[in-house]
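For reference, the structure discussed in these notes is given below.
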Amino acid sequence: MFCIQCEQTIQTPTTKGCSFAQGMCGKTAEVSDLQDILVYALQGVSFWAEQGRKVNVIFDEIDQWAPKAFFATLTNVNFDPERVIEFALQAQAYKQQLEETVRAAATVTNTELDELSPAAKFELPTEAEQIIALAPQAAVNRGHETQHEDIIGLRLLCLYGLKGAAAYMEHARVLGQTDKDVFAEYHQIMAWLGTDPTDLGELLDCSMKIGLMNYRIMEMLDTGETDTFGHPEPSQVNVKTIEGKCILVSGHDLHDLEKILQQTEGKGINVYTNGEMLPAHSYPELKKYPHLVGNYGSAWQNQQKEFANFPGAIVMTSNCLLNPNVGQYADRLFTRSIVGWPGVAHIEGDDFTTVIDCALAQEGFKHNEIEQMITVGFGRNALMAAAPAVVEQVKEGNISHFFLVGGCDGDKSERSYYTDFTAQAPEDSVILTLACGKYRFNKNQFGDINGIPRLLDVGQCNDAYSAIQLALALAKEFDCDINELPLTLVLSWFEQKAIVILLTLFALGVKGIYTGPTAPAFLTDNLLAIIQEKFDMRSIGNVEDDLKAILAA
(Lines of atoms letter the chains of each structure in order from A and count residues from 1; the text may use other names and numbers.)
(Lines give C-alpha, C1' and ligand atoms only; values in the text may rest on other atoms or scores of the structure.)
Protein backbone atom coordinates (compact mmCIF):
# COMPACT_ATOMS: atom_id res chain seq x y z
CA MET A 1 0.00 0.00 0.00
CA PHE A 2 1.05 3.55 -0.76
CA CYS A 3 -1.52 6.34 -0.53
CA ILE A 4 -0.78 10.02 -0.14
CA GLN A 5 -3.89 11.66 -1.58
CA CYS A 6 -5.56 13.27 1.46
CA GLU A 7 -4.63 15.82 4.09
CA GLN A 8 -4.63 13.35 6.97
CA THR A 9 -2.06 11.02 5.38
CA ILE A 10 0.91 10.11 7.55
CA GLN A 11 3.66 12.73 7.63
CA THR A 12 6.72 12.25 9.82
CA PRO A 13 10.35 13.36 9.43
CA THR A 14 11.06 10.01 7.75
CA THR A 15 7.73 9.00 6.18
CA LYS A 16 5.19 10.59 3.87
CA GLY A 17 2.09 8.67 2.90
CA CYS A 18 0.16 5.73 4.30
CA SER A 19 2.09 2.53 3.65
CA PHE A 20 1.04 0.12 6.36
CA ALA A 21 -1.80 -2.35 6.90
CA GLN A 22 -4.40 0.43 6.99
CA GLY A 23 -4.55 4.03 5.92
CA MET A 24 -5.49 6.92 8.18
CA CYS A 25 -8.89 7.03 6.46
CA GLY A 26 -9.59 3.43 7.48
CA LYS A 27 -9.14 1.73 4.12
CA THR A 28 -7.14 -1.47 4.20
CA ALA A 29 -3.93 -2.03 2.28
CA GLU A 30 -5.88 -4.42 0.07
CA VAL A 31 -8.46 -1.79 -0.86
CA SER A 32 -5.77 0.82 -1.42
CA ASP A 33 -3.88 -1.48 -3.79
CA LEU A 34 -7.08 -2.43 -5.61
CA GLN A 35 -7.92 1.24 -6.09
CA ASP A 36 -4.49 1.81 -7.65
CA ILE A 37 -5.14 -1.09 -9.99
CA LEU A 38 -8.54 0.36 -10.89
CA VAL A 39 -7.01 3.75 -11.66
CA TYR A 40 -4.35 2.18 -13.88
CA ALA A 41 -7.01 0.13 -15.67
CA LEU A 42 -9.04 3.32 -16.21
CA GLN A 43 -6.00 4.97 -17.77
CA GLY A 44 -5.97 2.07 -20.22
CA VAL A 45 -9.66 2.63 -20.95
CA SER A 46 -8.97 6.31 -21.61
CA PHE A 47 -6.12 5.43 -23.99
CA TRP A 48 -8.54 3.57 -26.23
CA ALA A 49 -11.31 6.14 -25.74
CA GLU A 50 -8.90 8.81 -26.98
CA GLN A 51 -7.77 6.67 -29.92
CA GLY A 52 -11.42 6.01 -30.71
CA ARG A 53 -12.05 9.68 -31.31
CA LYS A 54 -9.59 9.55 -34.22
CA VAL A 55 -11.90 7.10 -36.01
CA ASN A 56 -15.24 8.37 -34.67
CA VAL A 57 -15.66 5.47 -32.24
CA ILE A 58 -17.32 6.86 -29.12
CA PHE A 59 -19.25 4.83 -26.58
CA ASP A 60 -21.46 7.11 -24.45
CA GLU A 61 -21.85 4.36 -21.88
CA ILE A 62 -18.10 4.15 -21.34
CA ASP A 63 -17.67 7.94 -21.32
CA GLN A 64 -20.23 8.23 -18.54
CA TRP A 65 -19.02 5.23 -16.58
CA ALA A 66 -15.28 5.99 -16.47
CA PRO A 67 -15.36 9.17 -14.31
CA LYS A 68 -17.86 7.48 -12.00
CA ALA A 69 -15.49 4.55 -11.46
CA PHE A 70 -12.60 6.99 -10.88
CA PHE A 71 -14.76 8.76 -8.26
CA ALA A 72 -14.92 5.47 -6.33
CA THR A 73 -11.21 5.88 -5.52
CA LEU A 74 -11.63 9.32 -3.93
CA THR A 75 -10.93 9.60 -0.20
CA ASN A 76 -13.64 8.14 2.05
CA VAL A 77 -15.83 6.79 -0.74
CA ASN A 78 -15.49 3.03 -1.28
CA PHE A 79 -13.90 0.64 1.21
CA ASP A 80 -15.37 -2.57 -0.22
CA PRO A 81 -12.75 -4.71 -2.01
CA GLU A 82 -15.38 -6.71 -3.90
CA ARG A 83 -16.93 -3.56 -5.34
CA VAL A 84 -13.53 -2.16 -6.35
CA ILE A 85 -12.69 -5.44 -8.11
CA GLU A 86 -16.02 -5.22 -9.96
CA PHE A 87 -15.10 -1.75 -11.19
CA ALA A 88 -11.64 -2.96 -12.27
CA LEU A 89 -12.99 -5.96 -14.17
CA GLN A 90 -15.57 -3.74 -15.86
CA ALA A 91 -12.73 -1.42 -16.88
CA GLN A 92 -10.91 -4.38 -18.41
CA ALA A 93 -14.03 -5.38 -20.35
CA TYR A 94 -14.62 -1.85 -21.62
CA LYS A 95 -10.97 -1.53 -22.65
CA GLN A 96 -11.19 -4.73 -24.67
CA GLN A 97 -14.45 -3.59 -26.28
CA LEU A 98 -12.92 -0.27 -27.24
CA GLU A 99 -9.69 -1.77 -28.51
CA GLU A 100 -11.44 -4.27 -30.77
CA THR A 101 -13.80 -1.66 -32.20
CA VAL A 102 -11.14 1.02 -32.64
CA ARG A 103 -8.65 -1.31 -34.31
CA ALA A 104 -11.33 -2.47 -36.74
CA ALA A 105 -12.31 1.11 -37.58
CA ALA A 106 -8.66 2.13 -37.96
CA THR A 107 -8.11 -0.70 -40.42
CA VAL A 108 -11.07 0.40 -42.52
CA THR A 109 -10.03 4.07 -42.52
CA ASN A 110 -6.30 3.37 -42.73
CA THR A 111 -5.74 5.46 -39.59
CA GLU A 112 -2.48 5.17 -37.67
CA LEU A 113 -2.97 4.65 -33.94
CA ASP A 114 -0.59 5.69 -31.17
CA GLU A 115 1.87 3.31 -29.61
CA LEU A 116 0.38 1.53 -26.61
CA SER A 117 0.99 3.27 -23.29
CA PRO A 118 2.05 1.24 -20.24
CA ALA A 119 -1.51 1.59 -18.92
CA ALA A 120 -2.97 0.38 -22.22
CA LYS A 121 -0.77 -2.72 -22.02
CA PHE A 122 -1.92 -3.46 -18.46
CA GLU A 123 -4.09 -6.59 -18.42
CA LEU A 124 -6.13 -7.94 -15.52
CA PRO A 125 -6.68 -11.60 -14.68
CA THR A 126 -10.11 -12.68 -13.47
CA GLU A 127 -9.18 -14.03 -10.02
CA ALA A 128 -9.00 -11.61 -7.09
CA GLU A 129 -5.75 -13.09 -5.75
CA GLN A 130 -4.08 -12.63 -9.12
CA ILE A 131 -5.42 -9.10 -9.48
CA ILE A 132 -4.02 -7.89 -6.15
CA ALA A 133 -0.61 -9.29 -7.09
CA LEU A 134 -0.39 -6.65 -9.83
CA ALA A 135 -0.47 -3.76 -7.34
CA PRO A 136 3.25 -2.87 -7.63
CA GLN A 137 2.83 -2.27 -11.38
CA ALA A 138 -0.08 0.09 -10.77
CA ALA A 139 1.21 1.98 -7.71
CA VAL A 140 0.51 5.71 -8.00
CA ASN A 141 4.17 6.45 -7.24
CA ARG A 142 5.49 3.89 -9.71
CA GLY A 143 8.94 4.82 -10.96
CA HIS A 144 9.84 6.69 -7.78
CA GLU A 145 13.06 4.69 -7.51
CA THR A 146 14.46 6.38 -10.62
CA GLN A 147 12.32 9.48 -11.21
CA HIS A 148 12.90 12.79 -9.44
CA GLU A 149 10.47 13.33 -6.58
CA ASP A 150 9.21 16.53 -8.21
CA ILE A 151 8.01 14.54 -11.23
CA ILE A 152 6.21 12.03 -9.03
CA GLY A 153 4.65 14.89 -7.06
CA LEU A 154 3.36 16.64 -10.17
CA ARG A 155 1.97 13.41 -11.58
CA LEU A 156 0.04 13.02 -8.33
CA LEU A 157 -1.13 16.64 -8.40
CA CYS A 158 -2.58 16.02 -11.86
CA LEU A 159 -4.01 12.62 -10.94
CA TYR A 160 -5.70 13.86 -7.78
CA GLY A 161 -6.93 17.02 -9.47
CA LEU A 162 -8.42 14.94 -12.28
CA LYS A 163 -9.99 12.64 -9.70
CA GLY A 164 -11.75 15.62 -8.13
CA ALA A 165 -12.93 16.75 -11.56
CA ALA A 166 -14.22 13.23 -12.28
CA ALA A 167 -16.29 13.38 -9.09
CA TYR A 168 -17.93 16.60 -10.25
CA MET A 169 -18.49 15.07 -13.70
CA GLU A 170 -20.44 12.27 -12.04
CA HIS A 171 -22.46 14.68 -9.90
CA ALA A 172 -23.33 16.63 -13.06
CA ARG A 173 -24.14 13.47 -15.04
CA VAL A 174 -26.67 12.35 -12.43
CA LEU A 175 -28.50 15.63 -13.10
CA GLY A 176 -28.44 15.14 -16.86
CA GLN A 177 -25.45 17.34 -17.64
CA THR A 178 -22.73 15.91 -19.88
CA ASP A 179 -20.42 17.43 -22.48
CA LYS A 180 -18.67 15.50 -25.25
CA ASP A 181 -15.75 17.92 -25.21
CA VAL A 182 -15.28 17.42 -21.47
CA PHE A 183 -15.33 13.65 -21.92
CA ALA A 184 -12.73 13.95 -24.69
CA GLU A 185 -10.48 16.14 -22.56
CA TYR A 186 -10.88 13.88 -19.55
CA HIS A 187 -9.80 10.84 -21.58
CA GLN A 188 -6.90 12.73 -23.15
CA ILE A 189 -5.51 13.74 -19.75
CA MET A 190 -6.17 10.38 -18.13
CA ALA A 191 -4.54 8.55 -21.03
CA TRP A 192 -1.53 10.88 -20.94
CA LEU A 193 -1.03 10.25 -17.22
CA GLY A 194 -1.01 6.55 -18.11
CA THR A 195 2.16 7.17 -20.16
CA ASP A 196 4.02 8.13 -16.95
CA PRO A 197 5.06 11.60 -18.21
CA THR A 198 8.39 13.04 -17.08
CA ASP A 199 8.42 16.65 -18.31
CA LEU A 200 7.94 19.06 -15.41
CA GLY A 201 6.67 21.89 -17.59
CA GLU A 202 4.13 19.69 -19.35
CA LEU A 203 2.89 18.39 -16.02
CA LEU A 204 2.43 21.92 -14.68
CA ASP A 205 0.56 22.86 -17.86
CA CYS A 206 -1.60 19.76 -17.45
CA SER A 207 -2.58 20.79 -13.93
CA MET A 208 -3.83 24.13 -15.29
CA LYS A 209 -5.68 22.34 -18.07
CA ILE A 210 -7.45 20.24 -15.43
CA GLY A 211 -8.35 23.39 -13.51
CA LEU A 212 -9.92 25.04 -16.55
CA MET A 213 -11.79 21.87 -17.47
CA ASN A 214 -13.18 21.73 -13.95
CA TYR A 215 -14.46 25.29 -14.29
CA ARG A 216 -16.62 24.07 -17.17
CA ILE A 217 -17.68 21.03 -15.12
CA MET A 218 -18.71 23.21 -12.17
CA GLU A 219 -20.76 25.30 -14.59
CA MET A 220 -22.46 22.12 -15.82
CA LEU A 221 -23.20 21.03 -12.27
CA ASP A 222 -24.57 24.46 -11.41
CA THR A 223 -26.84 24.23 -14.46
CA GLY A 224 -27.96 20.72 -13.53
CA GLU A 225 -28.84 21.71 -9.99
CA THR A 226 -30.61 24.96 -10.84
CA ASP A 227 -32.49 23.57 -13.85
CA THR A 228 -33.70 20.63 -11.75
CA PHE A 229 -34.35 22.18 -8.36
CA GLY A 230 -34.57 25.92 -9.05
CA HIS A 231 -32.12 28.59 -7.96
CA PRO A 232 -31.12 28.57 -4.29
CA GLU A 233 -32.73 31.34 -2.29
CA PRO A 234 -31.91 32.56 1.21
CA SER A 235 -33.70 30.17 3.56
CA GLN A 236 -33.89 29.40 7.26
CA VAL A 237 -32.90 25.89 8.36
CA ASN A 238 -33.52 24.31 11.74
CA VAL A 239 -30.40 22.60 13.09
CA LYS A 240 -32.24 20.89 15.95
CA THR A 241 -34.36 17.74 15.88
CA ILE A 242 -38.11 17.19 16.15
CA GLU A 243 -40.18 14.24 17.33
CA GLY A 244 -40.78 11.42 14.88
CA LYS A 245 -39.37 8.70 12.67
CA CYS A 246 -36.45 9.87 10.59
CA ILE A 247 -34.04 9.43 7.69
CA LEU A 248 -30.68 11.17 7.43
CA VAL A 249 -29.24 11.92 3.97
CA SER A 250 -25.52 12.65 3.75
CA GLY A 251 -23.07 13.19 0.91
CA HIS A 252 -23.69 15.53 -2.03
CA ASP A 253 -26.37 13.97 -4.27
CA LEU A 254 -29.48 16.17 -4.42
CA HIS A 255 -31.11 13.73 -6.86
CA ASP A 256 -31.13 11.00 -4.21
CA LEU A 257 -32.54 13.41 -1.64
CA GLU A 258 -35.39 14.33 -3.97
CA LYS A 259 -36.25 10.67 -4.57
CA ILE A 260 -36.26 10.00 -0.83
CA LEU A 261 -38.51 13.01 -0.21
CA GLN A 262 -40.92 11.86 -2.90
CA GLN A 263 -41.07 8.30 -1.58
CA THR A 264 -41.53 9.32 2.08
CA GLU A 265 -44.44 11.69 1.48
CA GLY A 266 -47.34 10.84 3.78
CA LYS A 267 -45.43 8.13 5.64
CA GLY A 268 -44.80 10.07 8.84
CA ILE A 269 -41.04 10.19 8.31
CA ASN A 270 -38.98 13.34 8.81
CA VAL A 271 -35.98 13.78 6.52
CA TYR A 272 -32.80 15.50 7.68
CA THR A 273 -29.73 16.56 5.74
CA ASN A 274 -26.18 16.07 6.95
CA GLY A 275 -22.85 17.58 5.99
CA GLU A 276 -22.65 18.88 2.43
CA MET A 277 -26.38 18.30 1.91
CA LEU A 278 -27.17 21.41 3.99
CA PRO A 279 -27.67 23.66 0.91
CA ALA A 280 -30.58 21.44 -0.18
CA HIS A 281 -32.83 23.46 2.12
CA SER A 282 -32.47 26.49 -0.17
CA TYR A 283 -33.60 24.86 -3.44
CA PRO A 284 -37.31 25.58 -4.17
CA GLU A 285 -38.04 22.09 -5.52
CA LEU A 286 -36.59 20.47 -2.41
CA LYS A 287 -37.61 22.80 0.40
CA LYS A 288 -41.24 22.58 -0.75
CA TYR A 289 -41.45 19.23 1.03
CA PRO A 290 -42.63 19.95 4.60
CA HIS A 291 -41.04 16.75 5.90
CA LEU A 292 -37.58 18.03 4.97
CA VAL A 293 -37.35 19.30 8.51
CA GLY A 294 -33.76 20.29 9.17
CA ASN A 295 -30.04 19.70 9.19
CA TYR A 296 -28.57 17.22 11.66
CA GLY A 297 -24.99 17.01 12.86
CA SER A 298 -21.92 18.73 11.50
CA ALA A 299 -18.96 17.91 9.27
CA TRP A 300 -18.02 14.42 8.12
CA GLN A 301 -15.31 13.69 10.69
CA ASN A 302 -17.91 13.73 13.50
CA GLN A 303 -20.26 11.22 11.89
CA GLN A 304 -19.33 8.17 13.96
CA LYS A 305 -20.71 9.82 17.10
CA GLU A 306 -23.52 11.73 15.39
CA PHE A 307 -24.75 8.81 13.27
CA ALA A 308 -24.67 6.51 16.30
CA ASN A 309 -27.03 8.93 18.06
CA PHE A 310 -29.38 9.29 15.09
CA PRO A 311 -32.41 7.04 15.76
CA GLY A 312 -33.29 6.31 12.14
CA ALA A 313 -32.00 5.20 8.75
CA ILE A 314 -28.94 6.83 7.18
CA VAL A 315 -28.17 7.14 3.46
CA MET A 316 -24.65 7.95 2.27
CA THR A 317 -24.93 9.27 -1.29
CA SER A 318 -21.24 10.10 -1.87
CA ASN A 319 -18.17 11.01 0.16
CA CYS A 320 -17.35 11.19 3.04
CA LEU A 321 -17.85 7.79 4.70
CA LEU A 322 -16.21 6.53 7.91
CA ASN A 323 -16.21 3.06 9.48
CA PRO A 324 -19.84 2.52 10.62
CA ASN A 325 -18.90 -0.34 12.91
CA VAL A 326 -17.28 2.06 15.36
CA GLY A 327 -20.64 3.57 16.28
CA GLN A 328 -22.53 0.32 15.67
CA TYR A 329 -24.96 1.78 13.14
CA ALA A 330 -23.94 -0.31 10.11
CA ASP A 331 -27.34 -2.04 10.16
CA ARG A 332 -29.04 1.35 9.68
CA LEU A 333 -26.66 2.63 7.01
CA PHE A 334 -27.23 2.41 3.25
CA THR A 335 -24.70 3.29 0.56
CA ARG A 336 -25.42 4.61 -2.92
CA SER A 337 -23.71 4.79 -6.30
CA ILE A 338 -19.91 4.69 -5.89
CA VAL A 339 -19.99 4.45 -2.08
CA GLY A 340 -19.30 1.17 -0.33
CA TRP A 341 -18.41 -0.51 2.95
CA PRO A 342 -18.14 -4.30 3.41
CA GLY A 343 -21.37 -5.73 4.81
CA VAL A 344 -23.36 -2.49 4.51
CA ALA A 345 -26.54 -2.58 2.39
CA HIS A 346 -26.04 -1.00 -1.02
CA ILE A 347 -28.89 0.45 -3.07
CA GLU A 348 -28.89 0.46 -6.87
CA GLY A 349 -31.57 2.38 -8.71
CA ASP A 350 -34.00 4.85 -7.18
CA ASP A 351 -36.11 2.56 -4.98
CA PHE A 352 -35.56 3.50 -1.32
CA THR A 353 -38.14 1.12 0.13
CA THR A 354 -35.56 -0.66 2.30
CA VAL A 355 -34.45 2.68 3.74
CA ILE A 356 -38.05 3.63 4.52
CA ASP A 357 -38.75 0.26 6.15
CA CYS A 358 -35.63 0.64 8.26
CA ALA A 359 -36.63 4.14 9.37
CA LEU A 360 -40.11 2.99 10.37
CA ALA A 361 -38.59 0.18 12.43
CA GLN A 362 -36.39 2.56 14.46
CA GLU A 363 -37.40 4.57 17.51
CA GLY A 364 -37.09 8.00 15.96
CA PHE A 365 -36.66 11.13 18.02
CA LYS A 366 -38.78 11.16 21.17
CA HIS A 367 -39.23 14.90 21.64
CA ASN A 368 -38.76 18.28 20.01
CA GLU A 369 -35.61 20.25 20.71
CA ILE A 370 -35.81 24.02 20.94
CA GLU A 371 -35.26 25.08 17.36
CA GLN A 372 -32.16 26.95 16.23
CA MET A 373 -32.22 28.51 12.79
CA ILE A 374 -29.35 29.29 10.44
CA THR A 375 -29.50 30.86 6.97
CA VAL A 376 -28.35 29.17 3.77
CA GLY A 377 -29.00 29.74 0.08
CA PHE A 378 -26.71 32.50 -1.15
CA GLY A 379 -26.14 30.79 -4.48
CA ARG A 380 -25.25 32.39 -7.80
CA ASN A 381 -28.60 34.12 -8.45
CA ALA A 382 -28.95 35.38 -4.89
CA LEU A 383 -25.39 36.71 -4.89
CA MET A 384 -25.80 38.41 -8.26
CA ALA A 385 -29.09 39.95 -7.16
CA ALA A 386 -27.37 41.34 -4.09
CA ALA A 387 -24.35 42.62 -6.04
CA PRO A 388 -25.67 46.19 -6.63
CA ALA A 389 -26.39 46.64 -2.92
CA VAL A 390 -23.01 45.19 -2.04
CA VAL A 391 -21.26 47.53 -4.46
CA GLU A 392 -23.10 50.49 -2.95
CA GLN A 393 -22.02 49.52 0.57
CA VAL A 394 -18.41 49.19 -0.59
CA LYS A 395 -18.51 52.60 -2.27
CA GLU A 396 -19.98 54.14 0.87
CA GLY A 397 -17.19 52.60 2.93
CA ASN A 398 -19.45 50.33 4.96
CA ILE A 399 -17.87 47.11 3.65
CA SER A 400 -14.09 47.07 3.77
CA HIS A 401 -13.24 43.52 2.75
CA PHE A 402 -14.61 40.17 1.58
CA PHE A 403 -13.34 36.83 2.80
CA LEU A 404 -14.15 33.45 1.30
CA VAL A 405 -13.54 31.05 4.18
CA GLY A 406 -14.38 27.44 3.44
CA GLY A 407 -13.40 24.10 2.01
CA CYS A 408 -13.09 20.66 3.53
CA ASP A 409 -13.13 20.06 7.26
CA GLY A 410 -11.14 17.43 9.15
CA ASP A 411 -9.89 16.26 12.53
CA LYS A 412 -6.74 18.30 13.07
CA SER A 413 -6.80 20.80 15.90
CA GLU A 414 -5.11 23.34 13.63
CA ARG A 415 -8.44 23.70 11.83
CA SER A 416 -9.68 25.85 14.71
CA TYR A 417 -7.82 28.55 12.78
CA TYR A 418 -10.87 28.97 10.56
CA THR A 419 -13.20 29.45 13.53
CA ASP A 420 -10.87 32.04 15.01
CA PHE A 421 -10.38 33.75 11.67
CA THR A 422 -14.08 34.38 11.13
CA ALA A 423 -14.51 35.50 14.73
CA GLN A 424 -11.69 38.03 14.41
CA ALA A 425 -12.51 39.29 10.92
CA PRO A 426 -13.35 43.02 11.00
CA GLU A 427 -16.99 43.83 11.68
CA ASP A 428 -17.19 45.75 8.42
CA SER A 429 -16.17 42.67 6.42
CA VAL A 430 -18.38 40.09 4.70
CA ILE A 431 -17.60 36.36 4.91
CA LEU A 432 -18.65 33.96 2.17
CA THR A 433 -18.44 30.28 3.01
CA LEU A 434 -18.93 26.93 1.32
CA ALA A 435 -18.35 23.18 1.78
CA CYS A 436 -18.23 21.41 5.13
CA GLY A 437 -15.54 23.70 6.55
CA LYS A 438 -18.42 26.08 7.31
CA TYR A 439 -19.50 23.90 10.24
CA ARG A 440 -16.57 25.37 12.17
CA PHE A 441 -18.50 28.64 12.49
CA ASN A 442 -21.87 28.63 10.69
CA LYS A 443 -23.92 28.47 13.87
CA ASN A 444 -22.24 31.61 15.24
CA GLN A 445 -23.88 35.02 15.01
CA PHE A 446 -22.23 37.52 12.65
CA GLY A 447 -24.92 40.15 12.26
CA ASP A 448 -25.35 42.24 9.13
CA ILE A 449 -24.16 45.39 7.40
CA ASN A 450 -27.18 47.53 6.54
CA GLY A 451 -29.26 44.45 5.80
CA ILE A 452 -26.52 42.43 4.11
CA PRO A 453 -25.70 39.38 6.25
CA ARG A 454 -22.03 39.25 7.19
CA LEU A 455 -22.03 35.46 6.70
CA LEU A 456 -23.20 34.24 3.30
CA ASP A 457 -23.46 30.47 2.85
CA VAL A 458 -22.77 29.89 -0.85
CA GLY A 459 -23.38 26.12 -0.77
CA GLN A 460 -21.46 22.92 -1.44
CA CYS A 461 -17.79 22.72 -2.42
CA ASN A 462 -18.68 22.86 -6.13
CA ASP A 463 -20.55 26.11 -5.50
CA ALA A 464 -17.17 27.80 -5.58
CA TYR A 465 -18.50 28.49 -9.08
CA SER A 466 -21.06 30.89 -7.58
CA ALA A 467 -18.41 32.69 -5.55
CA ILE A 468 -16.27 33.06 -8.67
CA GLN A 469 -19.22 34.58 -10.55
CA LEU A 470 -19.70 37.16 -7.78
CA ALA A 471 -16.00 38.01 -7.79
CA LEU A 472 -16.03 38.45 -11.57
CA ALA A 473 -19.13 40.66 -11.35
CA LEU A 474 -17.55 42.83 -8.65
CA ALA A 475 -14.32 43.12 -10.64
CA LYS A 476 -16.32 44.29 -13.66
CA GLU A 477 -18.29 46.78 -11.59
CA PHE A 478 -15.13 48.25 -10.05
CA ASP A 479 -13.26 48.04 -13.37
CA CYS A 480 -10.38 46.10 -11.88
CA ASP A 481 -8.65 42.74 -11.99
CA ILE A 482 -10.06 40.05 -9.72
CA ASN A 483 -6.84 40.17 -7.70
CA GLU A 484 -7.31 43.91 -7.10
CA LEU A 485 -10.60 43.38 -5.29
CA PRO A 486 -10.72 43.62 -1.49
CA LEU A 487 -11.22 39.85 -1.51
CA THR A 488 -9.15 37.15 0.17
CA LEU A 489 -9.65 33.40 -0.11
CA VAL A 490 -8.84 31.41 3.02
CA LEU A 491 -9.32 27.76 2.14
CA SER A 492 -9.09 24.45 3.97
CA TRP A 493 -8.41 21.27 2.05
CA PHE A 494 -8.81 17.59 2.79
CA GLU A 495 -9.32 15.58 -0.39
CA GLN A 496 -9.26 15.64 -4.15
CA LYS A 497 -12.28 17.86 -4.81
CA ALA A 498 -10.50 20.61 -2.90
CA ILE A 499 -7.36 20.03 -4.95
CA VAL A 500 -9.16 20.52 -8.25
CA ILE A 501 -10.97 23.63 -7.01
CA LEU A 502 -7.59 25.09 -6.08
CA LEU A 503 -6.30 24.22 -9.56
CA THR A 504 -9.37 25.93 -11.04
CA LEU A 505 -8.70 29.09 -9.08
CA PHE A 506 -5.05 29.07 -10.14
CA ALA A 507 -6.02 28.49 -13.78
CA LEU A 508 -8.38 31.48 -13.61
CA GLY A 509 -5.51 33.63 -12.36
CA VAL A 510 -6.62 34.03 -8.75
CA LYS A 511 -3.63 34.79 -6.53
CA GLY A 512 -2.85 35.31 -2.87
CA ILE A 513 -4.91 32.35 -1.63
CA TYR A 514 -4.32 31.22 1.95
CA THR A 515 -4.46 27.43 2.33
CA GLY A 516 -4.22 24.96 5.20
CA PRO A 517 -4.08 23.39 7.61
CA THR A 518 -1.01 21.69 6.08
CA ALA A 519 0.48 21.44 2.61
CA PRO A 520 -0.30 18.34 0.52
CA ALA A 521 2.23 15.65 1.39
CA PHE A 522 2.68 14.74 -2.28
CA LEU A 523 4.06 18.21 -3.07
CA THR A 524 7.79 18.51 -2.49
CA ASP A 525 9.40 21.63 -1.08
CA ASN A 526 10.53 22.51 -4.61
CA LEU A 527 7.00 22.20 -5.98
CA LEU A 528 5.53 24.23 -3.15
CA ALA A 529 8.08 26.95 -3.83
CA ILE A 530 7.14 26.96 -7.54
CA ILE A 531 3.42 27.19 -6.74
CA GLN A 532 3.95 29.87 -4.11
CA GLU A 533 6.01 31.97 -6.51
CA LYS A 534 3.73 31.48 -9.52
CA PHE A 535 0.40 31.93 -7.73
CA ASP A 536 1.38 33.78 -4.55
CA MET A 537 -0.16 30.96 -2.51
CA ARG A 538 0.34 31.35 1.24
CA SER A 539 0.14 28.86 4.08
CA ILE A 540 -2.06 29.81 7.01
CA GLY A 541 -0.18 30.82 10.13
CA ASN A 542 -1.32 32.92 13.07
CA VAL A 543 -4.78 34.46 12.67
CA GLU A 544 -3.78 37.86 14.00
CA ASP A 545 -0.69 38.09 11.81
CA ASP A 546 -2.51 36.81 8.72
CA LEU A 547 -5.35 39.30 9.13
CA LYS A 548 -2.89 42.12 9.67
CA ALA A 549 -1.05 41.20 6.46
CA ILE A 550 -4.26 40.84 4.46
CA LEU A 551 -5.77 44.13 5.56
CA ALA A 552 -2.51 46.03 5.09
CA ALA A 553 -2.16 44.90 1.48
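Just so you know, glycine gets a Cβ as well, placed from its N, Cα and C.
Features of the protein shown, as given by Swiss-Prot:
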BINDING   CYS3, CYS6, CYS18, CYS25  [2Fe-2S] cluster binding site
BINDING   HIS252, GLU276, CYS320, CYS408, CYS436, CYS461, GLU495, LYS497  hybrid [4Fe-2O-2S] cluster binding site
MOD_RES   CYS408  cysteine persulfide
Rounded to a whole angstrom, what is the C-alpha distance between CYS436 (hybrid [4Fe-2O-2S] cluster binding site) and CYS6 ([2Fe-2S] cluster binding site)? 16
How big is the gap, in Å, between the Cα of CYS461 (hybrid [4Fe-2O-2S] cluster binding site) and that of CYS6 ([2Fe-2S] cluster binding site), rounded to a whole number? 16
Sorry to bug you, but what's the C-alpha spacing from CYS6 ([2Fe-2S] cluster binding site) to GLU495 (hybrid [4Fe-2O-2S] cluster binding site), rounded to the closest Å? 5
Can you tell me the three-state DSSP label for CYS408 (hybrid [4Fe-2O-2S] cluster binding site)? coil
Relative to the Cβ of CYS408 (hybrid [4Fe-2O-2S] cluster binding site), which residues of the same chain, six or more apart in sequence, are found under 8 Å away? GLU7, ALA435, CYS436, GLY437, CYS461, SER492, TRP493, PHE494, GLU495, LYS497, ALA498
What number of additional C-beta atoms lies within 10 angstroms of the C-beta atom of CYS18 ([2Fe-2S] cluster binding site)? 23
Quiz question: given the binding-site residues GLU276, GLU495, which has the greatest number of C-beta atoms lying within 10 angstroms of its own C-beta? GLU276
State the Cα to Cα distance, in Å, between CYS18 ([2Fe-2S] cluster binding site) and HIS252 (hybrid [4Fe-2O-2S] cluster binding site), rounded to an integer. 27
Specify the nearest of the binding-site residues HIS252, GLU276, CYS320 to CYS6 ([2Fe-2S] cluster binding site), where nearness means the distance between Cα atoms. CYS320
Taking the recorded [2Fe-2S] cluster site as CYS3, CYS6, CYS18, CYS25, identify the other residues of that chain whose CB atom sits within 8 Å of the mean position of the site's CB atoms, giving them in sequence order. ILE4, GLN5, GLN8, THR9, GLY17, GLY23, MET24, LYS27, SER32, THR75
Top Cα neighbour of CYS25 ([2Fe-2S] cluster binding site) in the set of binding-site residues HIS252, GLU276, CYS320: CYS320
